[in-house]
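S.K.: First the structure, then my questions, so here it is.
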């Protein structure tokens, strides 16, 4: 029998229940016991969804109140003293590491937060000491959640982040010199103890994630797998559960020597066949004699309905070589990166809605594929027929193809990607035109979306106020934001973006080729959720998107006003992109739409224009080489195409946050932005140092306030 499995399920709940509860706890409107009770309710609800869908192997310990890596930091007592010394409750200490704490005389910033591989999810970085020790918490969460599910009559497979990945994704703390991987011998006994406790609780298998295996790894990291897994696999079946080692977001072909030397002893191996389907045959060749293969054929990162016929064929090809008892059908990765359920979407056109599958629908797809392979396609005939009909309808839809957009793309020339002059000439003209002082100050752009703003937008959406009334409200908000900047004596102003609902959705709603949801929220970090637009067809801009508000702001400002746009790569990466057209094609379509907007802003008297690309880093292929350079080439071209249509005297800014771009700095420089603003509040100035070391030739804006923390720095 071919079993089905899910690597992880979204945490937030159908209506962002966890976000609401967590933020109520932070605001002292919900007690600790009430927050914990809400977490338990959500866990049970999510386990039941998967069980009712027919999934055989259901994950536990995939739930976190803030971040799964932060859970491990606390569980292993890898807590820097600046958090542990204050006597905070376990829960408040946890949140202090995630978001900072400034209360009752305690003032600590959060730990560093960075992107999880090439996703828009952010994890908290393990931050380690020279004299680091590890100790398993008294009531380890994986055991507690396993028993919780067991008590509800649901057998689960606990999920852990593996020891090599935990250390490799960490860093030495400020003023420390420890190489994280050198701590492996100290960390392994804690994993051994945890596995023994899980076995004692009744866990038969444990999913242990080692996603760093998709990276090009240094020799010392590759070498760490052998001693780690010799110890952990030695426990299998006797003192510990069977281990299912999971990789995702890439292939592991380049690390087969690690698989051969260190991982043939694990009970099962999971690989991502959505991202890299071509690795299947090679992986099978390198498997142990009785090792089970978990094939990730249902996409954990996008919202398109699975091609069931194709997935069944992939699974059957594995079964032919290994047998049914040695193959598991699975999601490609955790479903953390997908919305909760399509059932909540009542406003989507029915024809388009039929193209999608969110987390709840994806777990059903996993079960259908497993049943088809086990019992034969006839056992799911109606499901396969409906699936084929949906795929055909999408492929032939007029919403997908726009000949005018394709024609414009054919007319793009090399010259359209270049500014009129080099930076020295541009800067001379900008100095004369903008008359900025040395060390000019600005903000990144958006001011808080206040309760009044949300209420007014909601009233306008429902038709309870007129367009004229809403416009007057927005203009008042803009004037208030300008007054604040007058008081602070900033040099380049922003209008605060009160009219915008999201950095990507706002633009997507004003372009053809997108559709939007009402409840398709996805966790970005902590309690922060985003509702990515969905690219369903060719993209174009029918009319100006931001000019009216920016022009008004400039008319009531005594300082230069900065136009604010989201760049083509970020619009693409923070949407759910099409899977039937290469992303470079979609990025160029977005660039052309934004180019028109940039030119229109300049014509309206906006001479500082910021085109944000915080997602440039997350789109980078995880391994160095030809694919990475290809991506950087079309990504940089997209940015330049969007910004190069202005005069030399107009200053182009861009913004990056929470990105480690040391390994592709040449591409950052190639963007040719006049000013780059970067995150500098969490990263100990290490990003700033890169600009110094690389002798960056243009202007830089280090961001010194952490906008993700309520803490006010000195």
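Backbone N, Cα and C atoms are what each Cβ position is placed from, and that goes for glycine too.
Bear in mind that TrEMBL entries carry predicted annotations, made automatically and left uncurated.
Summarising the annotation, TrEMBL assigns domain 'Cobalamin-independent methionine synthase MetE N-terminal' to 4-321. Residues or ranges marked as 5-methyltetrahydropteroyltri-L-glutamate binding site in TrEMBL: 19, 120, 528, 529, 574. What TrEMBL lists as compositional bias 'Polar residues' is 391-403. Summarising the annotation, TrEMBL assigns region 'Disordered' to 391-427. Residues or ranges marked as compositional bias 'Basic and acidic residues' in TrEMBL: 404-420. Annotated domain 'Cobalamin-independent methionine synthase MetE C-terminal/archaeal' per TrEMBL: 439-714, in sequence order. According to TrEMBL, the L-methionine binding site annotation covers 444, 445, 446, 497, 612. Among the features that TrEMBL reports, Zn(2+) binding site is placed at 655, 657, 666, 679. Sequence annotations record features per position, and here TrEMBL assigns active site, proton donor to 708.
Provide an account of the burial state, proximal residues and distances for the features listed.
M.R.: For residue 120 (5-methyltetrahydropteroyltri-L-glutamate binding site), other Cβ atoms within 10 Å of its Cβ number 20.
Note on the compositional bias 'Polar residues' (391-403): residues 305, 307, 351-352, 354-355, 512-513, 536-538, 540, 580 of its chain, located 6 or more positions outside it, place their CB under 8 angstroms from a CB of the stretch.
Per-class residue totals from DSSP over the compositional bias 'Basic and acidic residues' (404-420), listed helix then strand then coil: 11 helix, 0 strand, 6 coil.
Per-residue confidence over the domain 'Cobalamin-independent methionine synthase MetE C-terminal/archaeal' (439-714) averages 93 (mean pLDDT, predicted model).
Residues near residue 445 (L-methionine binding site) in space but far in sequence (CB under 8 A, at least 6 apart, same chain), listed by position: 494, 496, 497, 562, 564, 610, 612, 655.
Summarising the environment of residue 655 (Zn(2+) binding site), the number of other Cβ atoms within 10 Å of its Cβ, over all protein chains shown, is 23.
Neighbours of residue 708 (active site, proton donor), defined as other CB atoms within 10 A of its CB across all chains, total 20.
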S.K.: For the compositional bias 'Basic and acidic residues' (404-420), what are the same-chain contacts with Cβ under 8 Å, counting residues 6+ beyond its ends?
M.R.: 426, 513, 538-540, 585, 588-589, 592, 595, 637, 640-641, 643-648, 652, 672
S.K.: Under 8 Å between C-beta atoms and at least six apart in sequence, can you list the same-chain neighbours of residue 444 (L-methionine binding site), or say none if there are none?
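M.R.: 494, 610, 612, 655, 677, 703, 707 - these are the non-local Cβ neighbours of residue 444 (L-methionine binding site), listed in sequence order.
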S.K.: Neighbourhood of the L-methionine site (444, 445, 446, 497, 612): other residues with Cβ within 8 Å of the Cβ centroid, in order?
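M.R.: Output for this site, in sequence order: 443, 494, 503, 564, 610, 655.
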S.K.: Where DSSP helix means H, G or I and strand means E or B, what are the helix, strand and coil counts for the compositional bias 'Polar residues' (391-403)?
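M.R.: DSSP composition of the compositional bias 'Polar residues' (391-403): 6 helix, 0 strand, 7 coil.
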S.K.: Cα of residue 679 (Zn(2+) binding site) to Cα of residue 529 (5-methyltetrahydropteroyltri-L-glutamate binding site): how many Å, rounded?
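M.R.: Rounded to the nearest whole number, the Cα-Cα distance is 20 Å.
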S.K.: Taking the Cβ of residue 529 (5-methyltetrahydropteroyltri-L-glutamate binding site) as the centre, count every other Cβ atom within 10 Å, in any protein chain shown.
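M.R.: Taking every protein chain into account, the count is 17.
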S.K.: Which of these recorded positions is closest to residue 529 (5-methyltetrahydropteroyltri-L-glutamate binding site) if you go by CA atoms: 446, 666, 708?
M.R.: 708
